[in-house]
């Protein structure tokens, strides 16, 4: 009864008003799975290809009708009659159909939509939630959220070099409590910014992007907000940064335009981070070096890898081949997981499993262009990854993931677990 009888894709809009792919997979039993594909703003050079039409007369060239056509005509013709529960075989067939390293024939957006919709249809067929279908009885760990509450860098027009400032309510006893703490800090930050005369409009991911004077001021207003919300920095709440250092890198140096000494070598940038870690309760730094500066990554990992989580996003792009090379070279100690960077569910699960075997942490992440699709909420619980990065406590395209996690926590009941600070198991 899990035989695939129809596959249909359409062009829909993401949270930034850009087209993306939505796929529906229908089974013989009448079950249906639907998945919408996210889209990144700042992307790694080695990410799987997001296929766009390039037709300037439609959506400024960002249409996805080619990818939609690939689903409706190429992929559907091959997969009709397959059992949707054969996820690994289905994903392997998609990879073979595409035949390229970076999914450039069919488009990772076409392939991922089909891959996820098949999994959702199978879960529906079996009467299971997606996290239950993917994780079985062992999938029960609710994640510690990274709430992106303040933006700089490429995500904002201000004097802050670092792209994302996040709070992690690691002192909470449950996901529900962690989310409440994060939301309260978000509102407290709004009040702090207003009091200082700053704009409180939010960006793509729901974080504030005021015209702050420096990286230091960004950290200071967040510390003030944590205290104003009634929490203790370093005890109840930890900080995480996404530097997006590839955006700052040119000619072998990093340009932090708003620092006293703007141009920094990898060693000097590492010292800059070490100083921040000494003075603020920072537990995680993502993309602290440029994706191609592997020597810089090694310097950073050697100096801070025992103290904080060092996350590779653009560095690894959820690609097990690249990730294995990083593990072998002792680079970073964590991987950011983005489904559309690699293009199939199976390859995503393999990356998470590889991280665990190597003693790395895995942080499941959204993209800046999101939809109402909540797949990553189920994925993070199914895999017991322990951490999720899906924006601020603002904007429905972000909050829908948090709300799905609240539902999952309720559904699990006494079986649910939440590890708080212990998610950083490789720092103990």
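For all residues, glycine too, the Cβ spot is worked out from N, Cα and C.
Taking Cβ-Cβ distances under 8 Å and a sequence gap of 6 or more within the same chain, the neighbours of residue 367 ((2R)-2-phosphoglycerate binding site) are 38, 39, 40, 41, 338, 340. Taken from Swiss-Prot, the feature (2R)-2-phosphoglycerate binding site applies to 163, 338, 367, 368, 389, supported by sequence analysis.
The 10 Å shell around the Cβ of residue 205 (active site, proton donor) contains 28 further Cβ atoms across the protein chains shown. Residue 205 (active site, proton donor) carries neither a helix nor a strand DSSP state and counts as coil. Sequence annotations record features per position, and here Swiss-Prot assigns active site, proton donor to 205.
According to Swiss-Prot, the Mg(2+) binding site annotation covers 242, 286, 313, on the basis of sequence analysis. Secondary structure from DSSP puts residue 286 (Mg(2+) binding site) in a beta strand. On its own chain, residue 286 (Mg(2+) binding site) has 164, 240, 241, 242, 243, 244, 311, 312, 313, 336, 363 as residues at least 6 apart in sequence with a Cβ closer than 8 Å to its own Cβ.
In the three-state DSSP scheme, residue 338 ((2R)-2-phosphoglycerate binding site) falls into the coil class. For 338, the entry in Swiss-Prot reads active site, proton acceptor, with the evidence type sequence analysis.
Recorded residues residue 368 ((2R)-2-phosphoglycerate binding site) and residue 205 (active site, proton donor) have their alpha carbons 6 Å apart, per Cα-Cα distance. Of all the binding-site residues given, namely 338, 389, the one with the smallest number of surrounding CB atoms inside 10 A is 338. The separation of residue 205 (active site, proton donor) from residue 163 ((2R)-2-phosphoglycerate binding site), Cα to Cα, is 12 Å.
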